[in-house]
Every structure is written in C-alpha cells, then in structure tokens.
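Below is one structure; the comments refer to it alone.
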Amino acid sequence: MSKIYDLIVLGAGPAGENVADVAHQSGLSCAVVERHLVGGECSYYACVPSKALLRAGAALRAAQRVDGAKQAVTAGVDVVGVLRRRDYMTSGGTDGGQVDWLKGAGIDLFRGIGRLQGKKRVEVQALDGSTTVLEARHAVCVSTGTTTSTPPIPGLADVGYWTNREATSTEKIPDSLLILGGGVVACEMATAYVSFGCKVTMLVRGKKVLERMEDFAGEMVLKSLLELGVDVRFGVETTRAERQGEKVVLHTTLGSLSAQELLLATGRAPATVDIGLPSIGLPSGKYLQVDDTLLVSAATNEGDAWLYSVGDANGRALLTHMGKYQGRAAGGVIAARALGVEVSTAAWGQFVATADHAAVPQVVFTDPEVAAVGLTVEEARKRGHRVRVVDYPLGSVSGAYLLSDGYTGQARMVVDEERQVLLGATLVGQDVAELIHAATVAIVGEVKLERLWHVVPSFPTVSEVWLRLLEAYGRPGVKAT
Ligand SMILES: Cc1cc2nc3c(=O)[nH]c(=O)nc-3n(C[C@H](O)[C@H](O)[C@H](O)COP(=O)(O)OP(=O)(O)OC[C@H]3O[C@@H](n4cnc5c(N)ncnc54)[C@H](O)[C@@H]3O)c2cc1C
Ligand SMILES: NC(=O)c1ccc[n+]([C@@H]2O[C@H](COP(=O)([O-])OP(=O)(O)OC[C@H]3O[C@@H](n4cnc5c(N)ncnc54)[C@H](O)[C@@H]3O)[C@@H](O)[C@H]2O)c1
C-alpha cells in the first residue's frame, strides 16, 4: 500500500523545508523524506558550525584592533569554548527541534533514503531496511543538496581525509592541517583553524584564492591569511596521497607535504547519484536543470508539470539563502498549479527565482569579510553591459576608522551606464557582512543612481561608503554660466 500526498519533498535541508512549508501553508498535504538530519548540511556541517568556529577569532581580532579594548584581550581563542558554542548552535548534532517544527507545521517526515521509482512515485528505504512507497498527487521536489567533490588523486580514498563534515564537527583540533582548494570553504576553514593554533597549509591549484570574486577580494583575503600564519601554496597539483602513521602525506608538483589531517575543499558535486533519476529517463549525478519556476527542464514534465528541484541540487547558486528563496517560489508555484491558479512566469513575480541570475548575495566570513552581490566587472562585461567601475577605500570612511584602528578595506560598485543602476557590489573589510543587503535592495529594485543620492546613511557608520561611492561616480552639478 502506498501513501498519497499532494507533494513529496526529497531532502529536508533548508531548501526542501521551505518548499514543504510554503506548499503546506497553501493547503497541500506534504511528505518530506530525509536520510540523515532534518535541517540538512547547512545546520550541522556547513553554514552554522563553520560560522560558529569563525566567530570567536573574529570577535577577538576586532577587539585587538581597538585601543583600550586590546589591552583587555591578550590571550588567544579558547578552543574549548569555541567547540562548546559550536555544539550549542548545532544542537549537538541532533535534529529534535527541526523535527518538532515539521510536526507542528503538519508535514509528515519519512526517515530513510528516498528514490524515485518512476513518475510521481518515491520509495523510502528506512535504516532498518523496510520500505514505504509514497505517491504524489501533484509534484515531487528534489532538494538533496550536494556532497564534497572528490578529486581523482591516487591513494586519496585510503588516507581518511576530512570533508566539511569532519572539519565542522570535530571534537579535536589537529596540530596541522593540509587544505586542498582555494575557494570559500578553504579560506574560511583556514581562518578558523589557524586561530585555534593549528598549522595550516593551503594547496591552491590556480593562481588566486576566491577566484570567482573580484580580484581585490581574493588579494586582500590572501594577505590576511598569510598574516594570520597560513602557508598558502599556488600552482600545486597533487599527484598521490598516502597515510604514513599519524600523518597524511601529499606528493605534489611542489614536493611532498604532510600534516595530521587533510581537508578536501575542492568544490561540491550534486547529491543526485542514488535517487532513482534513471527511472524517469534522467541521468544520475548531474545538477537538475530547472526553469525559473524551479520546474525540471526535462521531457518527463511535458504536459504535466510534476518534477521540481530547489537548492544545491539544481546547481544554480550553492547558498542556503538562495535555496530557501527558490523553495519559497517553488512551494508557491507547486500549490498554484495544483489548485489551478494561473501562474505568471514574468520576472520578479511570486512564482519565479529571478534573483538567481543577477542578484545573488554572498558573504565570505574570512577576516576581512568579503560581501558581494550581483555581477563582478568581468561577468557584467561578458554579458554585454557597458559598465563603469567605482572603487573606494573603506578605511577612509569615518564609521570605519571609528570601528577599528587602522581599518583597511575596499568597496566597489559596478554601474550599468545605460540604465544608471547598480549591477554589482563588493565590499571587503571587517564587519561588512551586514552592508551587502543595502546593495541587494538597490540591485533588485533597479534603483537609479539619482535616487540613491536620497538614501542617506547614518553618521558615523560604515554604510557611508555608499555616499562616498556615489560622490566618486559624480553627480551632474549646477554651474554658473
Ligand atoms: C563548509 C560549508 C560552509 C557553508 N557556509 C555557507 C554559508 O555561510 N552561507 C550559505 O549561504 N551557504 C553556505 N554553504 C552552502 C550551504 O551549506 C548549501 O548551499 C545548503 O546547505 C544547500 O541547502 P539544500 O537544502 O539545497 O541542501 P542540503 O543542506 O545539502 O540538504 C540536503 C538534504 O537532503 C538529504 N538527502 C540527500 N539525498 C537524500 C535521499 N536520497 N533521500 C533522503 N534525503 C536525502 C540530505 O541528508 C540533506 O539533509 C556552506 C557549505 C559548506 C560546505
Ligand atoms: N560563506 C559562504 O557563503 C559559504 C561558505 C562555504 C561554502 N559556501 C558554498 O559552498 C560551495 C562550495 O565551496 P568550496 O570552497 O568547496 O568550492 P569552491 O568552488 O568555492 O572552491 C573549490 C576550490 O577547489 C579547487 N579545486 C578543485 N579541484 C581541485 C583539485 N583537484 N585539486 C586542488 N584544488 C582543486 C578550485 O580551484 C577552487 O579553488 C561554494 O559554491 C559556496 O557558495 C558558501
């Protein structure tokens, strides 16, 4: 006997939870299938614990940059306290709170591995091996996330490497750590672990860190990593890995390097390998391509829109807030189509994830932080925009030099010269994370520069940088004839 629901959600990470919540609030019955923890990677092994591991170091360094406060904080980070706070933030790796939330919301949870078994049918294999078949009246949404992408390095499988899971949930800080990769996970984890007194070496294949961001962001983060004591090697290819007793040894084009642990921070791969996609004619292990209503672009949806994908699994933007945004849109559109409500697919409407293309914000919690939204200069030019780039040193803003002695930072806005609106913004500096939402509003709202002059930042805050950037861009003035 199968159980029937309007909507079946595969994967209870932040994206899946939001689809179920919105669809259920619109009147659909929902089942959520989760093989591990309700809350997903984000809550237990990614965003939340990683930011908890970073926070003490950031707070300490911020205090050390203020005369009068620095005298009071002469010791380093207390690792026991950091891990205790991390455990509190992740509920000790238990998901009781989120399970209660699902129950309270009236959404049924099925624990186990979910696999599609043809159209609108999902088999759930529980830990004890028993199976339950679920059938969807209207839709199935795949929100199974991603896992660490494992490079094909001979010997790697046998060394017992760390992924983000071990790096964020460990109870013991190793004496030394090799990190493979130069992206966001690598930079954040290097910043956290070096603050714990661990000897950190980053092995970067290319020439830069944070290569998808504006160049100056990677350069400033690199400078700080080096100052914090991280050993960063560029242009490294790893040819073989082996474990020698307590140490992992990597044989590389720059010679052999060893450490107590090795962290793979080499990007993500879609968790769509063992979810039954071939049963509906789709390949395993690929990101699910979707349209702006999060409907999977595949023949199986022709004439009967039933398969959706949100969050990391569709590869659009590997970020929690973007997955949740997609989840809200998909939950709404699934309910609307099920209830026969007309669905407008016009940009910026209720049922589409338009921001995925032009207004994705991200904060990298290194020290300095990097906060960016929209297009980089390079992306904007590639898309054919005629742009003007305006840069401003953040340390020259009154709010910044009051915040921190010797504040260094940089801000950039990328302006669409045709439409006189912002296309992108990047801020690098201490405590810039909260500033990026203002730029996100300006980009999504397509606010003209002439109107932004009326958005008055409070004095003395770091937000005054927006005024400085406008001044640097220039305002048509009145001249005596
Ligand atoms: C170290 C690290 C730090 C990060 N920090 C940030 C950050 O600060 N901010 C940010 O925005 N993003 C961050 N991210 C990215 C963020 O974690 C992801 O974008 C987010 O978790 C994606 O959410 P999701 O719901 O799509 O997938 P996930 O959170 O991966 O959830 C997917 C869920 O599906 C379940 N599942 C998978 N397959 C099946 C199956 N067959 N049956 C049943 N259940 C299944 C999984 O168990 C999991 O619970 C970070 C990532 C990493 C690795
Ligand atoms: N604060 C945040 O918002 C945050 C934090 C962490 C992660 N994330 C998200 O998680 C995703 C994954 O992060 P990530 O850092 O794993 O991926 P990434 O794509 O940012 O970086 C991957 C890095 O690994 C390198 N690499 C790939 N294959 C390699 C190999 N064989 N050998 C050596 N280096 C190799 C790449 O050159 C790159 O430097 C990101 O897309 C990011 O959006 C977000």
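The count begins at 1 with the first shown residue.
Using the three backbone atoms N, Cα and C, a Cβ is placed for every residue, glycine included.
A sphere of 10 angstroms centred on the C-beta of Gly114 (FAD binding site) encloses 28 other C-beta atoms. Gly114 (FAD binding site) falls within a strand when secondary structure is assigned with DSSP. Annotation comment: TrEMBL describes Lys51, Gly114, Asp312 as FAD binding site.
The number of other CB atoms found within 10 A of the CB of Gly267 (NAD(+) binding site), across every protein chain shown, is 15. DSSP assigns Gly267 (NAD(+) binding site) to coil in the three-state reduction, outside any helix or strand. The NAD(+) binding site annotation in TrEMBL covers Gly181, Gly182, Gly183, Val184, Val185, Ala186, Cys187, Glu188, Gly267.
For Cys42-Cys47, the entry in TrEMBL reads disulfide bond. In three-state terms derived from DSSP, Cys47 (disulfide bond) belongs to a helical segment. Residue environment of Cys47 (disulfide bond) contains 18 other Cβ atoms, counted within 10 Å of its Cβ in all protein chains.
For 5-324, the entry in TrEMBL reads domain 'FAD/NAD(P)-binding'.
The average pLDDT computed over the domain 'Pyridine nucleotide-disulphide oxidoreductase dimerisation' (360-466) stands at 98. According to TrEMBL, the domain 'Pyridine nucleotide-disulphide oxidoreductase dimerisation' annotation covers 360-466.
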Practice prompt. Could you check which of the recorded positions Cys42, Cys47, Gly114, Cys187 have their CB within less than 6 A of ligand 2?
Written response: none
Worksheet item: Which binding-site residues among Gly183, Val185, Gly267 have CB under 6 Å of ligand 1?
Response: Val185
Worksheet item: Given that the record lists Lys51, Gly114, Asp312 as binding FAD, what is the largest C-alpha to C-alpha distance among them, in Å?
Response: 30
Worksheet item: Which are the residues of the chain, Gly181, Gly182, Gly183, Val184, Val185, Ala186, Cys187, Glu188, Gly267 excluded, whose CB is within 8 A of where the CB atoms of the NAD(+) site average out, their centroid?
Response: Ile179, Met189, Val209, Leu210, Ala265
Worksheet item: Out of Gly181, Gly183, which has the highest number of nearby Cβ atoms, where nearby means within 10 Å of its Cβ, if these are the binding-site residues?
Response: Gly181
Worksheet item: What is the interatomic distance between the Cα atoms of Gly267 (NAD(+) binding site) and Asp312 (FAD binding site), given in whole Å?
Response: 12
Worksheet, complete the sentence: Gly181 (NAD(+) binding site), DSSP three-state class -> coil
